[in-house]
Amino acid sequence: MRYLTAGESHGPQLTTILEGVPAGLTLLAEHINKELARRQKGYGRGRRMQIEKDEVKIFSGVRHGKTLGSPITLVVENRDWKHWQNIMSIEPIDSAEEVKRKVTRPRPGHADLNGALKYGHRDMRNVLERSSARETTVRVAAGAVAKRILEELGIRVAGHVIEIGGVRAERMDYRSLEELQQVTEESPVRCFDEKAAVKMMEAIDEAKKNGDSIGGIVEVIVEGVPAGVGSHVHYDRKLDAKIAAAIVSINAFKGVEFGIGFEAARRPGSEVHDEIIWSKEKGFTRRTNRAGGFEGGMTTGMPIVVRGVMKPIPTLYKPLQSVDIETKEPFTASIERSDSCAVPAASVVAEAVVAWEVASAIVDQFGQDRMDLIKENVEKMRRYAREF
């Protein structure tokens, strides 16, 4: 499966086209809208979330609530477009107006300057409109479709926040993914540890008061994936590599780890690798899950556990020093409307991109065209693994 997205942050709409989604999957707009609503929540979001109420329109690939196997077109309108029709006009506008609206002061940490250099733009709005995290809206929409595939296969995905602004969750004693989801859905910062959540919100408030921003760490867990999904044969077929790329492709994400992650560098091998055990009921499994569900680029049958590091958002209300590309004079960087912390929302985006990669690998491995055949083949693999 693959998808492409199109659209600018303040353009009329965002669009994604999904290719390779198998036929026979039950898919309704409400499945996608539920995920879009989750993305818009979260402590520390900016004023734009008060303007937008994201809702999807499905324009192709679905009939009578079932996918057809043909490309699926999803569109989310930007309600704020009405205030930007002149600035973001497709047609040429008056040159004086264009000069007045030009963005010539690149923001440190953003795509502004590099994009202007690459594409030859003298107005960096041509860069920042597309590089904006607003694009993740339709990535979440794509992820919602992937989640529907996984749900049909008995695979569950859950994302949550484990750190914001140096405040780390200590309590992680949830008994199931269902409990984790129930608690984090009620948390303003999507954190299971209620005491840590309060301190996280205080850190966000402090950053906002100072015109600053803060980042954090999110974790995504996937349960129910059979062993052997992915491949050791080629670098580009390793599923953990695909998930790592997907996580780092999210706006402002700068690092990724699986299982105990970078802690593995500080431990001896005897405290890193997961011992293999066998039982008649489960077949081969692992005593621990320090590898985060992967060995050799393939799933082990244990839960996939992946974490991503999100840097603070580079748009600051107390902007850093920059240089105007026209005058070459030092100035403070441009200010765009933004969040002081988007880590809670980013956990939803991380869920979406991980779900897409896992679903895509399963569809590729177990039959690409029909959901009923994919279900049969996944169950066969589960039985085979138990009896191996």
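In case you wondered, yes, glycine gets a Cβ from its N, Cα and C as well.
Arg39 (NADP(+) binding site) falls within a helical segment according to DSSP. Arg39 (NADP(+) binding site) is surrounded by 27 other CB atoms, counting those within 10 A of its CB over all protein chains shown. Taken from Swiss-Prot, the feature NADP(+) binding site covers Arg39, Arg45, and the record attributes it to sequence analysis.
Non-local neighbourhood of Lys311 (FMN binding site): Gly109, Gly215, Ala252, Phe253, Lys254, each in the same chain, at least six residues away, with C-beta under 8 Å from its C-beta. Among the features that Swiss-Prot reports, FMN binding site is placed at Arg130, Ser131, Ser132, Asn251, Ala252, Gly296, Lys311, Pro312, Ile313, Pro314, Thr315, Arg337, with the record citing sequence analysis.
Each residue contributes its Cα atom, and for Arg130 (FMN binding site) and Arg39 (NADP(+) binding site) these two points are 18 Å apart. Counting in whole angstrom, Thr315 (FMN binding site) lies 19 from Arg39 (NADP(+) binding site) by their C-alpha atoms. If you take the C-beta of Ser132 (FMN binding site) and look for same-chain residues 6 or more apart in sequence within under 8 angstroms, you find Glu8, Ser9, Asn251.
With respect to their backbone Cα atoms, Arg39 (NADP(+) binding site) and Ile313 (FMN binding site) stand 16 Å from each other. When other Cβ atoms within 10 Å of the Cβ of Thr315 (FMN binding site) are tallied across all protein chains shown, the result is 22.
Between the binding-site residues Ala252, Ile313, Ile313 has the most other Cβ atoms inside 10 Å of its own Cβ, all protein chains included.
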